[in-house]
């Protein structure tokens, strides 16, 4: 039964990742990396990690689908390759977590200290993101290299993800501890951001900052629903009926992370999407409110004005 759950999960995750990559490509095409960076530097890290995660998972998940279905038995005899891929995936997941934490920290700082040397603030956040990720990557790589990959054995029966392999061969919990620290920090900083945001009543404004705040608000609740709640449920099940779901189907699962990245990217795409209205205006009249593009319509030699909201 469990292998079918894993196969269905991986298929849905691949579908979500492909959609996420498409959305990121559309966002970059519409706004450019420079515009995204000016809006919010952590968003660039977030979209970069989402895109990289999508590419990695779309390479790794088909392999585990084949292993789960038993279609290519020889894959079970290459644990070093599977665990190395898992190490890369885990490091990228930590990059996403660090970028999310930095995003919350930046929005909170802007709310508490508006217009306080934005360039210096950007530099601090970028350096903090890179430094934190470097430390986390070093710790994770060292843990995998010395305690997991070196002890790798054939993928056992009933194991449908690299996570259960690493759990079976060692008792080290470095990756779990890092994940717990990052998620707890995201919850704490994110909660502080939401409190500050609601106190200032900035949710319903139409500025770019307000739209980014709504997107960050969405990212926070996605993290609570798709990671914190499953962790609590998993702990309850493990204590009551001795069923640890994450042991079988992955880290809350591939579908959870794929859904989080897809939903966050889609929400950003929706709230910052430019809506265009075309209005016909006689040539002798000029609109003083400003227009983005001017063209010609065939009948009456009239001009077409596009207003960007």
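Using N, Cα and C of the backbone, Cβ positions are placed for all residues, glycine too.
Note that TrEMBL annotation is computational and uncurated.
According to TrEMBL, the transmembrane segment annotation covers 6-31 (among others).
The transmembrane segment annotation in TrEMBL covers 43-67 (among others). Residues of the same chain lying 6 or more positions beyond the ends of the transmembrane segment (43-67) and with a Cβ under 8 Å from any Cβ of it are 6-7, 10-11, 13-14, 17-18, 20-21, 24, 27-28, 33, 36-37, 75-76, 82, 85-86, 88-89, 92-93, 95-96, 98-100, 102-103, 129, 155, 160-162, 212, 254, 257-258, 261, 264-265, 268.
Within its own chain, the transmembrane segment (120-139) is flanked in space by residues 41-42, 45, 91, 94-95, 98-99, 101-102, 105-106, 109-110, 174, 178, 182, which lie at least six positions past its ends and keep a Cβ under 8 Å from the stretch. Sequence annotations record features per position, and here TrEMBL assigns transmembrane segment to 120-139 (among others).
Annotated transmembrane segment per TrEMBL: 176-197 (among others), in sequence order.
As annotated by TrEMBL, transmembrane segment applies to 218-237 (among others).
The transmembrane segment annotation in TrEMBL covers 249-269 (among others).
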